[in-house]
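TrEMBL annotations:
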type: TRANSMEM; residues: 110-133; note: transmembrane segment
type: TRANSMEM; residues: 140-158; note: transmembrane segment
type: TRANSMEM; residues: 164-183; note: transmembrane segment
type: TRANSMEM; residues: 204-224; note: transmembrane segment
type: TRANSMEM; residues: 236-254; note: transmembrane segment
type: TRANSMEM; residues: 275-297; note: transmembrane segment
type: TRANSMEM; residues: 317-337; note: transmembrane segment
type: TRANSMEM; residues: 344-365; note: transmembrane segment
type: TRANSMEM; residues: 371-390; note: transmembrane segment
type: TRANSMEM; residues: 402-423; note: transmembrane segment
type: TRANSMEM; residues: 438-458; note: transmembrane segment
């Protein structure tokens, strides 16, 4: 049999162009094509095999890591985090104000259901948001969530005192749904623009949650005292609306070359089902669920904690701001280490430090002690939150899995986010026995840390096994090709 020419149609995306340029080549002899980022080699096709198309989705080259669109996307993600997770992290202000003024007849546990519902929906919609993101519907998510968030935030200002259901429906349910649609995609979209510095870029985005919590905490505390609830909420809603609208115009998604809808959907289902067979991935999720039972105790109760300890009112108002300010450093600095090491390996000692600092709240008896413990806890808890997205990303086998993997992990985390603050509220009781929720929260974090250690072992084993299997497959394929070439030559 003589050499039979084959056709190679390659779609290459230019460095600074959004269009795809088709390039056709006829290959009958060994040939190599290289444009600096692609390297496509072909042997002489003696058996007449046809190579019809090479597809690549959102390829990021070394010189393409970031760019103007990339950093504008980081800025937009930062604003989304400030308006969503930043607002959730400021719920301690609401908890304190509702307990003292607006819902004074209700228990701390009942009031905390507003914040826990908001937080659980922010995480719980992760799997839906992740699948929509992987299907290329990020802009739809962005515009829908922005509209719903702004509407519910302004409706919150109309809620009347001692009307729990009005606060719950607008703040807990409505705003929680809006946040859930966009929270995890604001991290996933970073993968469109960054590879080498992905953890650093995601750390900056996560820093928006801490920065947002700082100014939202100070703003709400000041406006509640000076303007009252309704005017304070309207001012805060206007700020959140501005941030989300700006984010709509700054975030850029790279175009993707995708297969037909049905085939893509089937492939997505198969990949999602395969995630649940990965022991390392599932143990990380289990660890995150346990950790979240205690992780948000300070964010919800630290302002009430400081006030109840008899510390000055001014300091109590700023205790949550201190925690969130130190969280900024943890979210931005420590993820840099994960760019050079396995993110899961970096996450383990950070999680242990979060648990230790949680137990340190038991020894707080002065303003200085409260400030130091809050700062240390904020630093390590911020780093933990920032490294979750890079950890899920590092466990993905392809770029197309990142959104779904993060969505699944965040959805499971929603379970404990919903239950954690109310459980702490029940343990706290009307007598304000602070040792019970602190010990419970610290124990949950330490148990979750153990899960992460076990997950690291299983993940390393799975990667080693996959690498060995891939190498064996390549060797077998190479030998088969050689035998086929020999038979063809003899004919």
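Each Cβ is built from the backbone N, Cα and C atoms, and glycine gets one as well.
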Next on the checklist: Given a Cβ distance threshold of under 8 angstroms, which distant residues of the chain, six or more beyond its ends, lie next to the transmembrane segment (371-390)?
Outcome noted: 187-188, 190, 198-199, 202-203, 206-207, 209-210, 288, 291, 295, 298, 302, 315, 319, 322-335, 338, 343, 346-347, 350-351, 353-354, 357-358, 360-361, 363-364, 406, 409
Checklist entry - Does the transmembrane segment (275-297) come near the transmembrane segment (204-224), with 3+ Cβ pairs under 8 Å (pairs 6 or more apart)? => result no
Item to check | Two-stretch contact, the transmembrane segment (110-133) and the transmembrane segment (402-423), at least three Cβ pairs under 8 Å | outcome: yes
Checklist entry - Thinking of Cβ pairs under 8 Å, which stretch from 204-224, 344-365, 438-458 has the most of them with the transmembrane segment (317-337)? => result 204-224
